[in-house]
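**Q** First, the structure itself, so that you have it in front of you.
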Amino acid sequence: MGEPNQPFLELNAISKTYPGVVALNDVSLAVGRGEIVGLIGENGAGKSTLMKVLGGVIAPTSGTIKVDGREHAGLTVNDAIKSGIAFVHQELNLFDNLDVAGNVFIGREPLYGGPLKLLDRKKLHRQVQPLLDKLGVDFASDTLVADLSLAQRQLLEIAKALSLDARLVIMDEPTSSLTLSETERLLGVMNDLRADGVSIIFISHRLNEVKFCADRVVVLRDGRMVGGLDRTEARPEAMIRLMIGRDLKSLYIPPQAPPGAPALEIMDFRTTAFPNHPVSLTLRRGEILGLAGLVGAGRTELARAVFGIDRRLGGDLKIDGQAVGIGTPRDAIDRGLFLVPEDRKQSGLHLDFSLTENISLPDLVRYAPGMLISGAAEGKNAEAQKRRLNIKAFDVATVAGTLSGGNQQKIVLAKWLSMKPSIIIFDEPTRGIDVGAKSEIYQLMRNLADAGVAVLMISSDMEEVIGVSDRMAVMHEGAISGFLERDRFSEHNVLQLAVGKRLDREGHLN
Amino acid sequence: MLKKDLGLLILILVVGTVVALLNPRFVSQINVANTANLIGLFGLFAIGQGFVIITGGIDLSVGSIFALLGVIFIDMIGLWGVPWPVAFLLTILGGVMLGGLHAFLVTRMKMQPFVVTLCGLLIYRGLARWYTGDGTAGFEFGQSFPALEWLTMGRSPIPYWLPESWGGPGFFPMPNSFIAFIIVALIMGVVLHRSVYGRYLFAVGKNEEAARYSGINTRKVIAAAYLISGLLAGISTVYFAMYTRSISPASHGNFYELYAIAAAVLGGCSLRGGEGSVLGIVLGAVLLQVLQNLVNLLGIESSLNFAVMGGVILIGVIADQQLVKYRTRKANERKRALGHGALSPVAQQEK
């Protein structure tokens, strides 16, 4: 046990470098006992890496971690658990086929004595009840997790943390899927925990909640700790100012001509993820429209519904002014509306297929005169695409899974470029791709736009969405919170809109 | 030809040579012809099974389909006087319809293929037993259908050439069931490995989501595999009915689906889906019958029949996996030497 007036957690000059990337750069942070620290930063600022270091999942390249007065050179997962560090994850780690009690004590179930190691269910429920009482939950210890709401699951995660005698609970976006009243209850629980001397690191994009509950706010940007705000200073504007403010490299390639007629009109689209937020937007020929927002803002869901992967709950689509019904991806593809999906390995590609087989897949019938696939025809096209996109592979028979991320993404693009694209939606087109391939993809997008293709680019990368788009739409929790023209592009404006603020008529924030 | 198929062929040749040395009757004309007949019978529906397995599914119902459609087929031509070509077509249609039912339950009702076809296995056999009053369906004494019998159980002379010292040239009485099997295999081989549908089948079996993103109607592709399996089961029904000439539904075709699954797995189909070849399934069917034959010819207790089969499949699959691991390790070493990123052995094993 350390001294009571000592901070519970002290991070000293933590750095984590990967080949070519500095994920964390000299980060120091202290969390006192019974203190709630808000941790904020943009997507990719290093929050997750820092949390993984705290959980003992990855070891820092340099720096020291002191927990409860004890210094750990290399914190392991076991050390983290033993020192009382617990996580409440954004993606919940619960077994929904087990009941509440079973989840709380998973792996530590009370047993009857004897060689059979039978579960003592009565004792299990008896041990769980006080934890549930403490949190004031409205579900019983024998409820199946599958029957719990998301908020109840969050509370269950916290109960699990408490059962481990957690002294520091790290909450990663715990409110992102909660309703207002559920959020309030969660914030209340956090206050109770603080009163019991439990420390909390609260990661959230919802700056108002951070302001409301945190004793102190620290801000990460590009892997560095760029500042701290105490309770009185922590206003959303001040937080945003700290989150942004890096020099963005200029990526912008200006278009050769002003945008043309509307190519794709999305009208009052409602997706299953956000049934109450209709989205409308117009994409013009020859432009690159950036679709910005925080992770989980509903952009991917919108793209999937437009492309016909998911059923839409309502709304209409027009392509070149004509109303179209798109019920399946095939409908979309036949109209020249293509999607480069977010998850390349799972949705974009067949990793076990060759370049040729991947590239010809959406348009296979064209290479199959008289029912049978002409290996020569599809191979020839694949060769052409490989050369055009500069795909670095030994030959077109190479299996896609053996290539780098950038080259894999180029194969996905090759699928669509072999056909006649009219509208292309790129969902996070350069995620996990090296710098060289990135700029090639940006140039390609511009070439497409200049050739009259309408490009919608979903991106969570600030540098990319500001640097590449001609115009921008920003989404927040399923709805479009505003459009920005190029002269109003700034990290500040994007971030304001992304956290749900609106712009007034002049484009000023209010 | 894939390395896997080549390995299987070598295994068949090695086993065949050993058995031939131990008991020369193995290569006698009569034994080869009989084995070929069984290969034809059991190979036909194994190809359909292979298609279903490539989608990541399984069809457990085929043995019971043989019993149910078989008793109806025998009654149609033996009792009701339906012309046999009509009865043959109706039986195939029945197989297609049962396949269609499975397809509907799997793709529309989102049920698991194992459950759907397991219920089929139980239901069809039960219906067949009820229909016959738990008895036997057979032909009247003296009833014969020469054209149908020739088509199913007949032999066609195939000329061959051997040196005089080995008995000289002559004609081999090739069972027509085997010829039918080879014709079906050739057609299905082209469908699987050359047609648009075949490519879609692999795409869906490997990664259904990516297939959907490429505009493939994955439900149709999966449904078609069950239809093909049902169709081939319908054809096989007639072959088996004419082979046994009388059907006791309590035992007719029992466990035959397992022969088909075994042939497909031996032939390189992965139960995870997305892998397999028609040549592999053909070779798998050949190996299974050679093993059965070996048990008879080498005087092994015939009760050990299944044990031998199971043992060989187990050893075959283990050997194959070890070989893949070994090759991955070698490939990674080569890659590392070249300075490329290594492949994980898991990702390789999935192949």
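In case you wondered, yes, glycine gets a Cβ from its N, Cα and C as well.
TrEMBL: automatically predicted annotations, no manual curation.
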**Q** Between B:36-55, B:276-295, I'd like to know which one TrEMBL lists as transmembrane segment.
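**A** Range annotated as transmembrane segment by TrEMBL: B:36-55.
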**Q** Kindly point out the range from B:86-106, B:254-274 that TrEMBL annotates with transmembrane segment.
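**A** TrEMBL lists transmembrane segment for residues B:86-106.
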**Q** Rank B:62-80, B:86-106, B:171-192 by Cβ pairs under 8 Å to the transmembrane segment (B:113-131) and hand me the top one.
**A** B:62-80
**Q** Cβ pairs under 8 Å only, please: of the recorded stretches B:86-106, B:171-192, B:221-242, B:306-326, which one is richest in them relative to the transmembrane segment (B:62-80)?
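**A** Ranking B:86-106, B:171-192, B:221-242, B:306-326 by Cβ pairs under 8 Å to the transmembrane segment (B:62-80) puts B:221-242 first.
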**Q** Do we see three or more Cβ pairs under 8 Å linking the transmembrane segment (B:86-106) and the transmembrane segment (B:306-326), pairs being at least 6 apart in sequence?
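**A** With fewer than 3 qualifying Cβ pairs, these stretches do not touch.
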**Q** Please indicate, using numbers and ranges, the residues of the same chain that are 6 or more beyond the transmembrane segment (B:171-192) and have a C-beta under 8 Å from a C-beta there.
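**A** Long-range Cβ neighbours of the transmembrane segment (B:171-192): 29, 32-34, 36-37, 39-41, 43-44, 47, 51, 54, 150-160, 198, 201, 228, 232, 235, 239, 243, 276-279, 281-282, 285.
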